[in-house]
Amino acid sequence: MECQENQYRDQWGFCVTCQQCGPGQELSKECGYGEGGDAFCTPCPPRRYKSGWGHHSCQACLTCAVINRVQKVNCTATSNGVCGDCLPRFYCKTRIGGLQDQECISCTKQTPVSEVQCAFRLSSVKLEVPTAPPQEATLMVLTSSVLIVFVLALISFFTQLERFQERNRTQVFLTPHLVALLLFHLLSLAS
């Protein structure tokens, strides 16, 4: 005689129903089809649960982040986790029959406009790009141009000074006062 899926064979050869474990517990090893008579109840391992009585094993907990959803209730040894709405920038695809997928999908430019969860993100993309007012942009261009002209004038000045010294074989010593005077003159020319 063959034992059923929930039976083990005892020492006299009879098929006996496997031990039933309560919520949050599972058998220490498989029991059924004649095997597992020495199995005993043990707590569910971490991230696994069992909500009712029976000889079956604990099940893996639902991890909401994997399906892009908010975790409303954490998994315990006796109950599965509960997921909430889709995470920001994700939406839940609705099937033809009106049923929704468990997994949330990332919002993209190709997401249908009917998906209201993505409407805010897609419309706000344009607002996220920082743009400078025209006055600031003009001021930045003007300042950069003046700075470039000033640097070029300074390079030209020192090049001409070096040529002058070579031609006349004289040494011109630049004192801090003379440099300040030259810079003032160059700045007045630039503006």
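The backbone N, Cα and C atoms fix where each Cβ goes, and this holds for glycine too.
DSSP assigns Cys31 (disulfide bond) to coil in the three-state reduction, placing it in neither a helix nor a strand. As annotated by TrEMBL, disulfide bond applies to Cys18-Cys31.
The domain 'TNFR-Cys' annotation in TrEMBL covers 2-41. Mean pLDDT for the domain 'TNFR-Cys' (2-41) in the predicted structure: 92.
Beyond the ends of the repeat 'TNFR-Cys' (2-41), by six or more residues, the same chain brings 49-58, 76-78 to within a C-beta distance below 8 angstroms of the stretch. Annotation source TrEMBL lists repeat 'TNFR-Cys' at 2-41.
Annotation comment: TrEMBL describes 139-159 (among others) as transmembrane segment.
Per TrEMBL, the feature transmembrane segment maps to 171-190 (among others).
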Among Cys18, Cys31, all listed as disulfide-bonded residues, which has the most CB atoms within 10 Å of its CB?
Cys31
